[in-house]
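Enquirer: Per Swiss-Prot, the features are:
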BINDING   HIS50, HIS98, ASP183, HIS187  Mn(2+) binding site
MOD_RES   TYR58  3'-nitrotyrosine
MOD_RES   LYS68  N6-succinyllysine
MOD_RES   LYS68  N6-acetyllysine
MOD_RES   LYS75  N6-acetyllysine
MOD_RES   LYS75  N6-succinyllysine
MOD_RES   LYS114  N6-acetyllysine
MOD_RES   LYS122  N6-succinyllysine
MOD_RES   LYS122  N6-acetyllysine
MOD_RES   LYS130  N6-acetyllysine
MOD_RES   LYS130  N6-succinyllysine
MOD_RES   LYS202  N6-acetyllysine
TRANSIT   1-24  transit peptide
Amino acid sequence: MLSRAVCGTGRQLAPALGYLGSRQKHSLPDLPYDYGALEPHINAQIMQLHHSKHHAAYVNNLNVTEEKYQEALAKGDVTAQIALQPALKFNGGGHINHSIFWTNLSPNGGGEPKGELLEAIKRDFGSFEKFKEKLTAASVGVQGSGWGWLGFNKERGQLQIAACPNQDPLQGTTGLIPLLGIDVWEHAYYLQYKNVRPDYLKAIWNVINWENVTERYMACKK
């Protein structure tokens, strides 16, 4: 099962990307809203396919890959262990990223964050609008498939924007703790926005769950 902790997600799932021994299989998390709840910004067909097909595939493939990895460990087959690393990273990252993504969205979302998160955004980016522009640009600018992220640099105590290719998990790739992720794989928007990724980015700001992002930020500051 994916840890429900909002801080240190990469560390919580780290065992899934290279361990062994007994474990529970990963499972597809339920959405905290109906498939059609984010309309008109993200339609129900996209949400259903994205969650029940794409995310489910990452979960299933992660479980299969981990079983193979355990077998390779038991046999002492280092070559097989190395060969399985890309699949662990891809499917484990897909599971981590999407589990964050669903909670980052809400039919009651949009607007601006409040309190300490808003103050931190103003401190590190100048204003909320400048932050939106920078994260939008980073997300639109991803070549091919990937993610745009707002992350927290715990060592510096600062918010940072980053982009990761494919399903590379933010924390495992950059060390930043994920607060807000924007999926820019085509399966996240193509059925509604076709090849116009900027329109999808413009729409998704209307359903950002700032309460969830703030919760993640406050947890990581402790």
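Any Cβ shown, glycine's included, is placed from N, Cα and C.
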Enquirer: DSSP three-state call for LYS130 (N6-acetyllysine): helix, strand or coil?
Expert: helix
Enquirer: Suppose the Mn(2+) site is HIS50, HIS98, ASP183, HIS187. Which further residues of the same chain have a Cβ inside 8 angstroms of that site's Cβ centroid?
Expert: HIS51, HIS54, HIS55, PHE101, TRP185, ALA188
Enquirer: At the level of the C-alpha atoms, what whole-angstrom distance separates HIS187 (Mn(2+) binding site) and TYR58 (3'-nitrotyrosine)?
Expert: 14
Enquirer: Fewest neighbouring Cβ atoms within 10 Å: which of the recorded positions HIS50, LYS75, HIS187, LYS202?
Expert: LYS75
Enquirer: What is the number of other Cβ atoms found within 10 Å of the Cβ of LYS114 (N6-acetyllysine)?
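Expert: Result for LYS114 (N6-acetyllysine): 11 neighbouring Cβ atoms inside 10 Å.
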Enquirer: Let me spell it out: for each of the recorded positions (LYS68, HIS98, LYS122, LYS130), count the other Cβ atoms within 10 Å of that residue's Cβ, using every protein chain shown. Which one has the most?
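Expert: Answer returned by the neighbour count: HIS98.
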Enquirer: Roughly how many Å lie between the Cα atoms of LYS122 (N6-succinyllysine) and ASP183 (Mn(2+) binding site), rounded to a whole value?
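Expert: Spelling it out, the Cα of LYS122 (N6-succinyllysine) and the Cα of ASP183 (Mn(2+) binding site) are 24 Å apart.
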Enquirer: Around the C-beta of ASP183 (Mn(2+) binding site), how many further C-beta atoms are within 10 angstroms, looking at every protein chain?
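Expert: Counting Cβ neighbours of ASP183 (Mn(2+) binding site) within 10 Å gives 25.
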